[in-house]
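Chemist: Features from Swiss-Prot:
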{"type": "REPEAT", "residues": "86-110", "note": "repeat 'LRR 1'"}
{"type": "REPEAT", "residues": "111-134", "note": "repeat 'LRR 2'"}
{"type": "REPEAT", "residues": "136-158", "note": "repeat 'LRR 3'"}
{"type": "REPEAT", "residues": "161-188", "note": "repeat 'LRR 4'"}
{"type": "SIGNAL", "residues": "1-20", "note": "signal peptide"}
């Protein structure tokens, strides 16, 4: 019986270690695609067992990444698709940088995400319809970028789930309109979009 318990414990620890390593690998891929003149990512050492000791990273008691806070860190580069493996991430805050390129579709995997802070960067392309998968999301800040096209219906439908409280898409190159009224009855939702002439 002790042998079975020991095998189970070793197996559970191995699963946790693999998850932490994949999260560290994902964050390291992000780091490798960033210019970091202020060394905000200097503590991000991929040789460590997990990223929970890195600055700007917060983990839960299972040593899984729940928060990445890099607002105003003077970073430039692209958001990497590997961020989509941070399955327990609740806060992705990379606002007020010079991050460019497209918003990765792989962020759809972050189903525990509460806050997506991508504002005041240089992101371009369209808002991925896959962000409509983020049904736990409460705050989505995409304002002050170079995003174009229409807001996908799947993203607008996040209002229907009653969790999304703020979606700021102002100061972009978006087309189309969004409904002004909240028809859910569950949440006070603010959608901020540039006024069209």
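Keep in mind that glycine also has a Cβ here, set from the backbone N, Cα and C atoms.
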Chemist: Check the repeat 'LRR 2' (111-134) for me and report the mean pLDDT.
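Modeler: 97, rounded to a whole number.
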Chemist: Mind checking which residues reach the repeat 'LRR 2' (111-134)? Cβ under 8 Å, same chain, six or more beyond either end.
Modeler: 66, 71, 79, 87-105, 140-155, 157-158, 168-169, 174
